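Novice: The structure that follows is given in the form of structure tokens.
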Amino acid sequence: MTSIPVSSFLLAALVLQYATSDAVNYCRLPCRGDNYHVGCGEPAYAQECGQSPRTRELLKEHRNEILSKINDVRDHVAKGSWGLPVAARMKVVVWDAELAGLAKRHTKGCVGETHACRNTERFWLPGQLNFKYSGDKLPRIKELIDDAVKKGHLQKHNITREIIGNYRENGPNGDVKELALAISDRVTAVGCGLTTWQDGAKARALLTCNFSSQNTRGRPVYKIGNSPGEKCIEKDETYKNLCPATEPIDPNKSN
């Protein structure tokens with residue numbers, strides 16, 4: 001008797017979770033100041049895109065590669081590696097189609113940092129990372145992903161225990177923004193987009209990843225514990241130091 005409404009509820013929840021940017025009128029979402037929403041209007045290429053711009057499809061293998069790299073780092077940090085404190089409740093990150101759709105639209109501007117807002121009805125203040133490539137020849141998508149991850153991974157030399165407890169974008173030895181965002185315990189989802197183009201003799205690419213949350217200056221990157229995942233309802237089977245993807249963490253709630 002109760003199976004029908006329960007099934008209907010689950011279906012509605014799945015539709016909401018995996019909604020794409022095409023299903024929402026982003027022109028109606030509020031943006032700070034005079035900024036425009038990246039999802040508002042037609043997603044045309046900008047003049048900065050040079051010749052032959054092309055937005056690339058991130059296949060399942062690419063999405064899995066991104067998730068694997070991010071969750072590996074989160075699992076590593078959560079257990080107290082690199083001299084960082086143990087994370088009490090950091091969860092496995094999942095792919096989100098809506099964040100990916102907005103990231104894809106962002107890459108069509110062919111400029112890394114912009115003032116366009118990217119908030120959604122579910123994610124009020126998403127974080128964003130941009131990786132720009134320039135070279136004689138365009139590498140494979142997997143190689144672009146690996147290069148982007150390596151850039152963030154190198155920031156382990158810059159991030160400190162003090163930054164985990166009191167976030168700022170720069171440590172004593174340099175930038176920590178990419179790594180700090182990847183290990184935020186309020187991040188629950190990520191979605192990425194990729195556009196490539198030709199600029200004279202140079203091949204260029206912009207890989208953008210939107211995260212469900214962003215770090216706030218002066219606030220903790222994650223909550224510290226005595227043992228990894230001590231505040232999780234249960235532990236993930238693959239990433240032993242993380243909560244599973246089902247852990248009910250609110251990405252809009254500040255630490």
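Glycine is treated like the rest: Cβ placed from N, Cα and C.
Pulled these features from Swiss-Prot for this protein:
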SIGNAL    1-23  signal peptide
DISULFID  Cys27-Cys40  disulfide bond
DISULFID  Cys31-Cys117  disulfide bond
DISULFID  Cys49-Cys110  disulfide bond
DOMAIN    67-211  domain 'SCP'
BINDING   Trp82, His153, Lys156  leukotriene E4 binding site
DISULFID  Cys192-Cys209  disulfide bond
DISULFID  Cys232-Cys243  disulfide bond
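Mind mapping these onto the model and telling me what they sit next to?
Specialist: In sequence order, His37, Cys40, Gly41 are the residues near Cys27 (disulfide bond), counting only same-chain partners six or more apart with C-beta under 8 A.
Annotation note: Cys117 (disulfide bond) sits in a strand segment as assigned by DSSP.
All protein chains included, Cys49 (disulfide bond) registers 23 other Cβ atoms within 10 Å of its own Cβ.
Residues near Lys156 (leukotriene E4 binding site) in space but far in sequence (CB under 8 A, at least 6 apart, same chain), listed by position: Trp82, Leu179.
The number of other CB atoms found within 10 A of the CB of Cys209 (disulfide bond), across every protein chain shown, is 26.
Within 10 Å of the Cβ of Cys232 (disulfide bond) there are 21 other Cβ atoms, across all protein chains.
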Novice: Measuring CB to CB from Cys192 (disulfide bond), give everything in the same chain under 8 Å that is also at least six residues away in sequence.
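Specialist: The list for Cys192 (disulfide bond) reads Leu58, Arg63, Ile66, Ala100, Ala103, Leu207, Thr208, Cys209, Asn210, given in order along the sequence.
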Novice: Across the domain 'SCP' (67-211), what does the mean pLDDT come to, as a whole number?
Specialist: 96
Novice: What's the CA-CA gap between Cys232 (disulfide bond) and Cys31 (disulfide bond) in angstrom, rounded?
Specialist: 34
Novice: Could you check which of the recorded positions Cys31, Cys49, Cys110, Cys117, His153 is the closest Cα neighbour of Cys243 (disulfide bond)?
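Specialist: Given the candidates Cys31, Cys49, Cys110, Cys117, His153, the nearest one is His153.
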